[in-house]
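Novice: Feature list, courtesy of Swiss-Prot:
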- C4-C16: disulfide bond (DISULFID)
- C8-C105: disulfide bond (DISULFID)
- C29-C97: disulfide bond (DISULFID)
- C173-C190: disulfide bond (DISULFID)
- 48-192: domain 'SCP' (DOMAIN)
Amino acid sequence: NKYCNIKCSKVAHTVCQYGESTKPSSKNCNKVSITSVGVTEEEKKLIVDEHNRFRQKVAQGLETRGNPGPQPAASDMNNLVWNDELAYIAQVWANQCQFFVHDKCRNTAQYQVGQNIAYSASTAAYPGIVSLIVLWENEVKDFNYSQGITKENFAKVGHYTQVVWAKTKEVGCGSIKYIEKGMKSHYLVCNYGPAGNYMGQPIYTKK
């Protein structure tokens, strides 16, 4: 397939490696009971709207949390739009059931691609997609804008910084819902183009 021509360092592209099917991997997914695969049209809209709501909140200087807070306003925050290709590649990876691991090569012909992963589970109902994105947003509480992204803080703030990375333009996500040990689990992989989270670059330009 065409993704075998996209090279990242020395690793095969996710879609080259695992094939073009968006069916869950029989090898890894048999440990859980999968109940649904992929994001609905409604969920797509919720993903884009929630990213843009939060990006605008930060851009307008309304985010009071931080270490220290508040976060400064931004002058260059793009509005994100949905990208089906990013979503497709994210879905192929989500379907491998390699939970909490990032794939090594997810770029498109157009973009270097970044990625956020989230998981939540409940006995009552599948956690909603917005609640998963909010987990990423909440990392703002540990972020120091003037310090930016460092090797030391990256594990604590890297999801937040990708969500609000000003130069990112598009997002596409894949998801699976499954039951494991009686828990209704929702696993979300979002891919971002162009990628954020470059060390030494500001996450956005201060207004």
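One is the number of the first residue shown, and numbering goes on along the chain from there.
The backbone N, Cα and C atoms fix where each Cβ goes, and this holds for glycine too.
In the displayed structure, how are the listed features positioned relative to their neighbours?
Specialist: Counting only same-chain residues at least 6 apart in sequence, those with a Cβ under 8 Å from the Cβ of C4 (disulfide bond) are A12, H13, C16.
Cβ environment of C8 (disulfide bond): K104, C105, R106, N107 lie under 8 Å away, each six or more residues apart in the same chain. In the three-state DSSP scheme, C8 (disulfide bond) falls into the strand class.
Other C-beta atoms found within 10 angstroms of the C-beta of C29 (disulfide bond) number 18, with every protein chain shown included.
Mapped onto three states, the DSSP output places C190 (disulfide bond) in strand. Within the same chain, the residues at least 6 positions away from C190 (disulfide bond) whose Cβ sits under 8 Å from its Cβ are I47, A90, Q115, N116, I117, I133, V171, G172, C173, listed in sequence order.
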Novice: Please classify the secondary structure at C173 (disulfide bond) using three-state DSSP.
Specialist: strand
Novice: Translate the DSSP assignment of C16 (disulfide bond) into the three-state scheme.
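Specialist: Assignment for C16 (disulfide bond) reads helix.
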